[in-house]
Amino acid sequence: MATFGILRRSLSTTTTRNAIKNVTVIGGGLMGSGIAQVAAQTGHNVTLVEVNADILKKAESSIANSLGRVAKKLYKDDAKAVKDSDLIVEAIVEKLEIKHKLFKSLDEAAPTKTIFASNTSSLSIGEIASVTNRKDRFGGLHFFNPVPVMKLLEVVRIPETSEETYQALMAWGKAVGKTCITCKDTPGFVVNRLLVPYIAEAIRMMERGDASARDIDIAMKLGAGYPMGPIELADYVGHDTTLSISEGWHKKFPENPLFNICESQRKLVQQGKLGVKSGEGYYKYNK
Ligand SMILES: CCCCCCC[C@H](O)CC(=O)SCCNC(=O)CCNC(=O)[C@H](O)C(C)(C)COP(=O)([O-])OP(=O)([O-])OC[C@H]1O[C@@H](n2cnc3c(N)ncnc32)[C@H](O)[C@@H]1OP(=O)([O-])[O-]
Ligand SMILES: NC(=O)c1ccc[n+]([C@@H]2O[C@H](COP(=O)([O-])OP(=O)(O)OC[C@H]3O[C@@H](n4cnc5c(N)ncnc54)[C@H](O)[C@@H]3O)[C@@H](O)[C@H]2O)c1
């Protein structure tokens, strides 16, 4: 069985009542470490499960920087990591087959009461949940990057999600300090369904030479009040992520022109220019 590093942190500062106390976050990367942090900050007992020891260390220090003291433990199986869990939030790599493998094993290991949630950006919650026997206790919890700062949480219901599960997810979202909105399990939910075509159109505008990247960004910041322009945001999120979302949707809905691929973005990814995280995207960054 795989060896998982587990990071535990708990504080008792919350004043919001919600039934979920013990939370397991699976995946300690960009999103998982942020989700673990906001859950710990609001008084939940948090277990963070990560397969990569270096990333676990990084998550530990980023949470420690925000919270002070962190205790780290190692376990040999994921059954122990989830045995007391009221809620499991999955934030691992955006690949359906990998999420399926994880949820199949979690379904066997976790108690009946445990609610499962995925933080997927672009996959169908129903398709992810299909390998489990607890679709009534399954939903989407879509956080935004950077998690500690962004106030929104999209709570996604599939037709099988029970009212009790939905209410528990909404109450937990509120308890971790987020404003929750509800949406159906449609591609991109609310925010990404609007953001992805918006960013793609900004890139196409630049590709056509209608305006420069800098001017498009200035225009949307000063003319529409966005904190970042669309090209800056694409660099910030990462071109590998945005391209794989567009490619997945384009394959699934080839007739929808909103999901067409941007050639300059494909080229950037081929060149390893992924945006802020690699030091260069449409702009250059000091690493
Ligand atoms: C692309 C479309 C495709 C979708 C792809 C999928 C994506 C996904 O599914 C959905 C998303 O997330 S979509 C993406 C959704 N995301 C967006 O759309 C983001 C849009 N951008 C923004 O909202 C702002 O530019 C930022 C908040 C990023 C930075 O704010 P700023 O004013 O420009 O710069 P500042 O003055 O430096 O920071 C201000 C405060 O924030 C604090 N802080 C910053 N980073 C932090 C971190 N990592 N941790 C903790 N804290 C962090 C900082 O300490 C400071 O706190 P203080 O207490 O005041 O000192
Ligand atoms: N990056 C974003 O802006 C963003 C925003 C919202 C949602 N999401 C979604 O959140 C999820 C994670 O994205 P991310 O950006 O944090 O990715 P990331 O690559 O930073 O983190 C994923 C982590 O999961 C770990 N992992 C992989 N398989 C695992 C397993 N079986 N058990 C435990 N850990 C495992 C990896 O080692 C990695 O550290 C994806 O589904 C993504 O679509 C991302």
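Cβ atoms here come from the backbone N, Cα and C positions, even for glycine.
What TrEMBL records for this protein:
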BINDING   SER66, LYS73, SER121  CoA binding site
DOMAIN    22-186  domain '3-hydroxyacyl-CoA dehydrogenase NAD binding'
DOMAIN    188-285  domain '3-hydroxyacyl-CoA dehydrogenase C-terminal'
SITE      HIS142  site 'Important for catalytic activity'
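When the Cα atoms are compared, HIS142 (site 'Important for catalytic activity') and SER121 (CoA binding site) turn out to be 7 Å apart. Model confidence over the domain '3-hydroxyacyl-CoA dehydrogenase C-terminal' (188-285) stands at 96, taken as the mean pLDDT rounded to a whole number. In this view, HIS142 (site 'Important for catalytic activity') is surrounded by 25 other Cβ atoms within 10 Å of its Cβ, with every protein chain counted. Take the CB of SER121 (CoA binding site) and look out to 10 A: across all protein chains shown you find 23 other CB atoms. Residues in the domain '3-hydroxyacyl-CoA dehydrogenase C-terminal' (188-285) partition by DSSP class (helix H, G, I; strand E, B; coil) as 66 helix, 3 strand, 29 coil.
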